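Okay, structure first, notes after.
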Amino acid sequence: RPFHVEPTNIVSVNDDMQRVTDEASAMNKRIHYYSRLTSPADRALIAPDHVLPAPDEIYVYSPLGTAFKVDSCTDGYGKNSSLVTIFMIWNTMMGTSILSIPWGIKQAGFTSGIILILLMGILTLYCCYRVVKSRQMIPLTDTSNWEFPDVCKYYFGSFGQWSSLLFSMVSLVGAMVVYWVLMSNFLFNTGKFIYNFVHDINVTDIVPGTNGSNKVICPGAASDQPPQNRSVMFSSGNRTGFELFEQWWDKSQTVPFYLIAVLLPLLNLKSPSFFAKFNVLGTVSVVYLVFLVTVKAAHLGIHLEFNWFTENEFFVPEFRILFPQLTGVLTLAFFIHNCVITLLQNNKNQENNVRDLSIAYFLVGLTYLYVGVIIFASFPSPPLSKECIEQNFLDNFPSDDIMSFVARIFLLFQMMTVYPLLGYLARVQLLRQFFGNAYPSLFHVLILNLAIVGAGVAMARFYPNIGGIIRYSGATCGLAFVFVYPSLIYMISLHRAGQLTWPALIIHIFIILLGLANLIAQFLL
């Protein structure tokens, strides 16, 4: 009698084979992704050991420099649960922009600021959804290993390839410049706090501010005051040593140059993968900032007055013509479009990608709203004006504020570990395109790093305005990756399929015009 195979057994065998095939496919995708990020001689991102034997350990590298490992969070076949996917997207998007959100709300007005955060979140989410779908609309047998720059190259040829490289470099270098400005700020305030504490020095600057244990200051109002307008009390030491410290420890004149001695050698390392281990500090920093904001608001109370179109001494109108400054910041705050495909491709249930992406965007928007609204609402007006809210809201707390000191320490260390990763990704993207090698020689790498570091030092020295830098770089790279490319690719794919309609054409042209207007407005306001 011929051997009889039950249909249920056939199904079981087929399921097992399919599961093994899926596992191998997922593994190959990960190996391919790592190998594309670097040259064969440089093993910083080439198929780490954890990729092959242990699919439950995953490193995620974003073009913005976030790198973190998720341990024991997969299903055993290299796939992430929806919860892990949502967390990775949230963790990747949360960055330095959170420090400038309160300032952006002040520039736009309280009511219009809240509305713009919601609208920009929805708009960038839709464009991100279009990025995710763009690869699926290509009529090729296998595009599973493609990233968004590959999609741009497919539709726009070499122009798409080089332009995506250009705008990606804008986002990377812009992030590195912002990091240098912030690191200079945090290092200056940290050093000042430690020196005054060790030498038991009490410095009272003549800066408008509140009294009490939860002091809030207005540094901008004191920018024109001479340095003699302060009182200094010495319990130990002498005035000469203090004045010498003040001379050699200046936020814009000296501290940005001190960072070169630490960070330039780290940028020249062939493998920066060691620093990825510390990126959990990014999550810790954001959580601590939320905690700091909550505690400060509980002590300061709520100070709001609704003036819809008129401005008075202490409050700003609800709607202001400077609102594009907030949209520029938000473009970078919600920017994940050039790495979202990578983050979603290991989602266990691909049919949940849209849902998980939407939840992640909702959580990011909620975090920005909470920090921005609470800082703006609790800012003590009167006696201070809302105009005093700084581009980095931590600057509104004096250097001797303990909670702000801890926040600066967290952020300083976290940024010093992320900065080499950003430099590495910039090196990989640029030098591989021109020389076919991410590390052609120490000379090539040193020249590139000197240019990047020089840009950071120059900005920290002459234009230490992180809100301005963020909005310019965000509007520039966002024009391509958020507004133009996703909309054009969607319209082209619909046209080729004969499904392009007038409503779809008008809507997506309007989105492109919004991105263009957002960029132009940054230079006009």
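Positions of Cβ are set from backbone N, Cα and C atoms, glycine also.
Marked as domain 'Amino acid transporter transmembrane' by TrEMBL: 81-192, 259-521. According to TrEMBL, the feature transmembrane segment maps to 83-103, 109-129, 162-182, 253-269, 281-302, 322-344, 356-377, 402-422, 442-463, 469-492, 504-524.
Listed stretches 83-103, 253-269, 469-492 were compared with the transmembrane segment (162-182); the greatest number of C-beta pairs under 8 angstroms is found for 469-492. Pairs of Cβ atoms less than 8 Å apart link the transmembrane segment (281-302) most often to 402-422, out of 83-103, 322-344, 356-377, 402-422, 469-492. The DSSP breakdown of the domain 'Amino acid transporter transmembrane' (81-192) into helical (H, G, I), extended (E, B) and coil residues amounts to 96 helix, 0 strand, 16 coil. Between the transmembrane segment (356-377) and the transmembrane segment (109-129), three or more CB pairs separated by 6 or more residues in sequence fall under 8 Å, so the two stretches touch. Highlighted: of the candidate stretches 109-129, 253-269, 442-463, 469-492, 504-524, 469-492 has the greatest count of Cβ pairs under 8 Å to the transmembrane segment (83-103).
The largest share of C-beta pairs under 8 angstroms with the transmembrane segment (109-129) comes from 322-344, of the ranges 253-269, 322-344, 402-422, 504-524. With Cβ pairs under 8 Å as the measure, the transmembrane segment (442-463) is packed most heavily against 253-269, out of 253-269, 322-344, 402-422, 469-492. Tertiary neighbourhood of the transmembrane segment (322-344): same-chain residues 33, 60-64, 85, 88-89, 92-93, 95, 97-98, 100-101, 104-105, 107-109, 112-113, 116-117, 120-121, 124-125, 127-128, 131-132, 135, 146-149, 164, 168, 171, 174, 350, 353, 356-357, 361, 364-365, 368, 467, 470-475, 477-478, 481-482, 486, 517-518, 521-522, 525, selected by CB-CB distance under 8 Å and a gap of 6+ residues from either end. Cβ atoms under 8 Å from those of the transmembrane segment (253-269) belong to residues 180-181, 183-184, 187-188, 191, 275, 416, 419-420, 423-424, 442, 445-446, 449-450, 452-453, 456-457, 460-461 of the same chain, restricted to positions at least 6 beyond its ends.
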